[in-house]
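Q: Sharing a structure, written as structure tokens. Questions coming.
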Amino acid sequence: MSRVASSRVLKDSNGDIGEHLRNHIHLTNCIHLKNHMHNNNKQSPVLTDRSLLMRDLVVLQRSRSLRDPSASPNLKEDHQDSREGRRRSGLRLSGSSPIVSFGTSKVTPSDEKFDRSSRKSYRVEEVNEVYSVPSVKSVSKDRINKKVNEAIVKTLSDQLNEVGGDSDDLVSCNVRPRGDGCRRRKFRGTRRAGRAVNVRDNAAGNESEMSIASNSVPRGEKYEGEEGGGGRDREQNMSCGIPFNWSRIHHRGKTFLDIAGRSLSCGISDSKGRKGEAGTPMFSDSSSSDREALPLLVDSADNEEWVHDYSGELGIFADNLLKNGKDSVIGKKSSRKNTRWHQSFTQKYAPRTFRDLLGQNLVVQALSNAIAKRRVGLLYVFHGPNGTGKTSCARVFARALNCHSTEQSKPCGVCSSCVSYDDGKNRYIREMGPVKSFDFENLLDKTNIRQQQKQQLVLIFDDCDTMSTDCWNTLSKIVDRAPRRVVFVLVCSSLDVLPHIIVSRCQKFFFPKLKDVDIIDSLQLIASKEEIDIDKDALKLVASRSDGSLRDAEMTLEQLSLLGTRISVPLVQEMVGLISDEKLVDLLDLALSADTVNTVKNLRIIMETGLEPLALMSQLATVITDILAGSYDFTKDQCKRKFFRRQPLSKEDMEKLKQALKTLSESEKQLRVSNDKLTWLTAALLQLAPDKQYLLPHSSSADASFNHTPLTDSDPSNHVVAGTRRDDSKQGFSCKNRPSVEDIWLAVIENVRVNGLREFLYKEGKIFSISIGSAPMVQLMFNSPIAKSTAENFEEHILKAFEAVLGSPVTLEMRTESKKDLGFSSLQGLSNGERFRESGRSEIVEVADSESPMTRVRRKHLEASQNQNQNQNQSIVRGKVSLAQVIKQAEGNSWSKHKAVEIANKLEQENLKLEPRSRSLICWKASRSTRRKLSRLKVRTRKLRLHSLLKLVSCGKCLSTRSPPR
């Protein structure tokens, strides 16, 4: 292609076509370089060796085949300019061009000849050469063809051998004008002290290869701008500036040349354009229509203020890329204004002044007074839980120390120091995160500030918990050598991790956990500013879950705000992984009601949500605590529950809750060390209310048939003993009118259809215990084995009577009254609801509201026998309430009540007559004197009346153990 172009140049007599073809030759060389660079980037995309790159660039500059022929000056005009003393300079090749290798270049002898002639005509001082192209008119076509056939091919290695000196000298190929008339010499590959201007690449290391080419700036342009404006204006000889394949490369998008920009200039531009450069217009890249009319390469280095502004089509993309690189790396203030980056609630509402610090009044007051009184220390340590404002307080403290405001409140936020800190440009406030080691010398240099400056250097060391021992040693040395105007602020969560040598020299400020009230107020303020629709109870839950950390509460609120709906308590519970209080109370109600099956089912449903067993146990304990404190509201689903159905809870229910809380706290220890946590949690819930269908009233009972039933505590809800009552909602008994055992027994007797059996059961039998539950069980006690065998013959009638009264099938068990049972039944003479423990026994019995007449008679005489030792001379009847009056006030059927009154009246008359004898007969522990008197008495024997008297009055214990002497 170069041969064809050369022949066409020779045919052109005027030189216009030749100038145009030289532009196309220049474009061909650029395309050639593009292909070579593309191939080399595939092999080694990372430019690792800078020195080799510089040497290649020097060779590229000196390669005559890569020069821009259109930039060559006209021979006649150049001679004329030389005589007029005009100064000229050429373009320089950028040192940051990413070209690694290029193809071979041919240097013809004719080029060398005309190069020597050009050196004679023009004197050049700089490292660069000003190349001249011979006139087209002075060369014939035959001579050109002959010289081309004799061309010598020089490879890159041959050209590199010709280049001597340091490759780092890629100073720039600048052309500096000299005012003196001495001979100007040409230096090849050598440095001249004080003449070269070093060009550095200012682009970031992580930029792309295209940005490397576009960010290089020729520094020597300022010399040309100072001296190039004193001549006459000349027209720029850029020809048409449109390549031959413009229509193809223009519409396919950005090419390599568009991306590389003007810094990849592969030749020497026209030196004629150097004259009158001040009048060269600056092209804009605002519209596509403007860019279509721009020339390919235009030198814009004449204005020193536009150092990075390259005119022409190839430099437009480079300008945009350079601007984008600056905004991304440096972060200009203008880019921050135009681009609105998202800030979290923690960053957006971070404290700016001491008044913004929440819940740290003592710390704020102490630091404010220290600044106002100028009593600032050297070392401060802020310690406390996370999210309490330690780092924020350190930043506010640092701003206040450097604030220029003369008012009392600092920081002001409007002075130069505060504004520079907000922009991230304050060099007197340094924050250092957790690092493995410190650069001792570098950090010490930062602390060395000028004494005449009023600013104080504040070094904030955040998260000191993770600092190593070497860091502490280095910090200790820095503190020893630091000047007075340096303040160190250490931020950590605990003082235990800090060395003692540091802690002993610090002013320590503790940041406690924030109160829920303060956190709720702050969250309400944020919610109102951000227009978040949230319930107050939900805010309370968020604050309670934050554990005194405002930062955690703000992050939780920000997450909830992303849902886009009204924030309620169930939504917060689901978000943070909690179970609703209603579900917890339902589970607790089932566990306390001994509903084993539903308890296990509900527990499995809750655990399927992914909740940890420890967390569930902790929530259950929290709910129990709220119920005991009276702060829980049972307004919802109260009718569906069993244990919590009655409100307010009784004392017995409160005791059960306390026992349940104790059980959960003890089970938590096992739960932490166990691998199967769900099993332990299930066992703990089932222990809250074990199965209590059966009752053992006597732990020392000799009957082995009751050993299979579990012992019970003081809960009488499912068990009724002789003389007790029971509240059973399943049977329809209300709390106010629950039947007693005597009422049940009388109702059973009335339902017996055999008349003789009725009287027999009333005289010989009684209910010993009854259990009403899923499988009701009744135990009947008879006075003798004969009576028991007689009742067994009528067992079917008795079962039907019990089923009619209780409304369900009953398991009936009969037994004979023993001596212990007789003593037990004699102890049931207390008032309603009371319990007592007999001496030498461990039975606890609950007494019914009303007693039968026979029971009252026995209780009356039992009390008299117990008081005999205290006052033996006191009469049994005198000074006490009449038995007839007591029986009249007793509850019961009218027929039995009337009969009991008659018996009581007769009994009182007999007691008045036989008072001394009854005293010794009732209790065998009477004194000897009383027994002697009784032996001398003449008693008329009446066996029948005495037998009836002993049957009704005597306790049975004294007569069975010891008979009185006669």
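Placement of Cβ uses the backbone N, Cα and C atoms for every residue, glycine included.
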Q: Of the ranges 12-40, 650-678, 824-852, 853-881, which one does Swiss-Prot list as coiled coil?
A: 650-678
Q: Which sequence-distant residues neighbour the coiled coil (650-678)? Criterion: at least 6 residues beyond either end, Cβ under 8 Å.
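A: Result: 588, 591-592, 607, 612-614, 617-618, 620-621, 624-625, 627-628, 643, 684, 687-689, 714-715.
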Q: Determine, for the ATP site, the additional residues of the same chain whose CB lies within 8 Å of the mean position of the CB atoms of Gly384, Pro385, Asn386, Gly387, Thr388, Gly389, Lys390, Thr391; present them in sequence order.
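A: Here the nearby residues are Phe382, Ser493, Phe511, Ser549, Arg551.
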Q: Which of Gly384, Pro385, Gly389 (the binding-site residues) has the most other Cβ atoms within 10 Å?
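A: Sorting the candidates by Cβ neighbours within 10 Å, the top entry is Gly389.
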Q: Give me the non-local Cβ neighbours of Lys390 (ATP binding site): same chain, 6+ apart in sequence, Cβ-Cβ under 8 Å, ordered along the sequence.
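A: Lys390 (ATP binding site) has long-range Cβ partners Phe382, His383, Gly384, Val491, Phe511.
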Q: Of all the binding-site residues here, Asn386, Thr388, which one's CB has the most other CB atoms within 10 A?
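A: The most densely surrounded of these binding-site residues is Thr388.
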Q: Restricting to the chain of Thr391 (ATP binding site) and a gap of 6 or more, list residues whose Cβ falls under 8 Å of its Cβ, or answer none.
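A: Counting only residues 6 or more apart in sequence, the Cβ neighbours of Thr391 (ATP binding site) under 8 Å are Phe382, Ile460, Asp462, Val491.
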Q: Are there any residues in the same chain, six or more apart in sequence, whose C-beta is under 8 angstroms from the C-beta of Gly387 (ATP binding site), and if so which?
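A: Result: Leu514, Ser546, Gly548, Ser549, Leu550, Arg551, Asp552, Ala553.
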